[in-house]
């Protein structure tokens, strides 16, 4: 595949349906490095059956919200990749917030755990936005999301992940590089 230019992406978005993952397929293989939303869309669709009614509505509405938001703003932002990438993340965050991703995660811990898998390719800014949206929830929801993610990392990755997550310095300790 040859990378798609921003104008190719814009043309594709203009013709994409607002249901399904077609809009997000347009973002793949772009010269602006906007890959990742298609994988998230596919994960949501593949796990949709495991969500409760509120979760199923969230899946449908959040994907539609992001697709419509990106499509409606693409022509204002397509000229500069950084602005385009930021716009996609902002639309994603707005949609998750407006549609209460925290409530959905709280009432669908298993299903959200299936969605929050470690992506095959790092870095993935849109996966990070999804995780940040979930980690901004209440402590109980964050604990469920973290536990699900750590469980899916497997034993080889669990220890380094926990080490990076924990702070081992005592509060009174001033043994940093500047002391």
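For all residues, glycine too, the Cβ spot is worked out from N, Cα and C.
Copied over from Swiss-Prot, here are the features:
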- 12-26: disulfide bond (DISULFID)
- 21-41: disulfide bond (DISULFID)
- 29: N-linked glycosylation site (CARBOHYD)
- 32-81: disulfide bond (DISULFID)
- 65-95: disulfide bond (DISULFID)
- 102-137: disulfide bond (DISULFID)
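Feature map: Swiss-Prot annotations on the structure.
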residue: 12; record: disulfide bond; DSSP class: helix
residue: 21; record: disulfide bond; DSSP class: coil
residue: 26; record: disulfide bond; DSSP class: helix
residue: 32; record: disulfide bond; DSSP class: coil
residue: 41; record: disulfide bond; DSSP class: helix
residue: 65; record: disulfide bond; DSSP class: helix
residue: 81; record: disulfide bond; DSSP class: helix
residue: 102; record: disulfide bond; DSSP class: helix
residue: 137; record: disulfide bond; DSSP class: coil
Between residue 12 (disulfide bond) and residue 102 (disulfide bond), how far is it from one CA atom to the other, in Å?
32
For residue 21 (disulfide bond), the spatially nearest of the recorded positions 29, 32, 137, using Cα atoms, is 29
Could you say whether, by DSSP, residue 95 (disulfide bond) belongs to a helix, a strand or a coil region?
helix
For residue 32 (disulfide bond), list the number of other Cβ atoms lying within 10 Å of its Cβ atom.
20
Here the recorded positions are 26, 29, 32, 102, 137, and the Cα closest to that of residue 95 (disulfide bond) is found at 102
Cα-Cα separation of residue 102 (disulfide bond) and residue 65 (disulfide bond), in Å?
17
Just to be sure I understand the packing, how many Cβ atoms besides its own are within 10 Å of the Cβ of residue 102 (disulfide bond)?
18
Residue 81 (disulfide bond) to the residue listed as 'N-linked glycosylation site' - Cα separation in whole Å
13
